[in-house]
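**Student:** These came from TrEMBL, pasted as-is:
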BINDING   43, 44, 166  FAD binding site
BINDING   223, 278  D-dopa binding site
DOMAIN    5-324  domain 'FAD dependent oxidoreductase'
SIGNAL    1-19  signal peptide
């Protein structure tokens, strides 16, 4: 068959990195990215981009760890290159603090991040309300520059990128051999996934260049993540809330919570408020499916539903999605060669 045509729908961090992995692992493929929204208007642009995994109850831990490790290794290499600044990737050290000692003192990802250890008594004095803590160094990805860097890499590898709203995978059937669904919360409409729900996140992006260390409350609700230019303060987790409008009461609450962890933030300037809808489900949907309509078949690979943890596992899930696309293409080539016989 001619060069297989693959359409990746969605241009957040999952869509762009999946398209890049397909282009890298299948150079003979013609890959196209289709989306009605691109940076700076994607959910990924709102994300803090900290590599601290979120746990998916429906996904085996060894699988989650593999995704995280592949992502960490990939971003660590970029962070160690001349492209680190353009891609918005840097190492950041800090603390995860708990009011009570957690059941799991060693999370599954503790040996992937750098220098993971329990906090000392002296360090904990900085957080008088907290009784236990973990110190480590991880990677922080400033999302808008990283998305632009991914787009640039895609164009350099010959991937086509078009603005287009896709309402149904079938509308792509006549133009593409395989469709890859990376539309995040849009999968509720695109493929009717009722297991998917939004978790609204409101964050503040502030100018506070003196804040160098991340601080994360162990419940994951309050966090301070310093980026290259701005510090992200968070946050909220509001299940089934579709509102993209910033809430002033929430802004004040987030700011006050973060100042209780880091009082110097009272001097933060130029506060911008951002809202995103995390595409959440019990487990990431990462699988191939063959849709069938009137005897016509359409191979689809799904890669969505990463919730709060997309950045931490994006490269790992993209590699797996690219492998599944390879399986779809092998199946198509097998059936076209059998047809010739």
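Cβ atoms here come from the backbone N, Cα and C positions, even for glycine.
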**Student:** Do any residues, 6 or more residues outside the signal peptide (1-19), come within under 8 Å Cβ-to-Cβ of it, and if so which ones?
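**Tutor:** Same-chain residues near the signal peptide (1-19) but 6 or more away: 26, 28-35, 37-39, 42-44, 47, 143, 146-147, 150-151, 154, 159, 161, 166, 169, 172, 175-184, 186, 190, 303-304, 306, 310-311, 314-315, 317-318, 321-322, 325, 329, 332-333, 336.
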**Student:** Using C-alpha atoms only, work out the spacing between residue 44 (FAD binding site) and residue 278 (D-dopa binding site) and round it to an integer in Å.
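**Tutor:** Residue 44 (FAD binding site) and residue 278 (D-dopa binding site) have their Cα atoms 9 Å apart.
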**Student:** With Cβ-Cβ distance below 8 Å and at least 6 positions apart along the chain, what are the contacts of residue 43 (FAD binding site)? List them in sequence order.
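**Tutor:** Once residues fewer than 6 apart are set aside, residue 43 (FAD binding site) is near 12, 184, 185, 276, 277, 278, 279.
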**Student:** Name the residues of the same chain, 6+ apart in sequence, whose Cβ is under 8 Å from the Cβ of residue 223 (D-dopa binding site)?
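**Tutor:** Set apart from residue 223 (D-dopa binding site) by at least 6 residues yet with Cβ under 8 Å, we have 48, 50, 214, 215, 216, 217, 232, 233, 234, 235, 258.
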**Student:** Using all protein chains in view, find how many other C-beta atoms are within 10 Å of the C-beta of residue 44 (FAD binding site).
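**Tutor:** Taking all protein chains shown, residue 44 (FAD binding site) has 30 Cβ neighbours within 10 Å.
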**Student:** Just to confirm my parser: what is the rounded mean pLDDT across the domain 'FAD dependent oxidoreductase' (5-324)?
**Tutor:** 96
**Student:** Including all protein chains shown, what's the count of other C-beta atoms within 10 A of the C-beta of residue 278 (D-dopa binding site)?
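**Tutor:** A count of 24.
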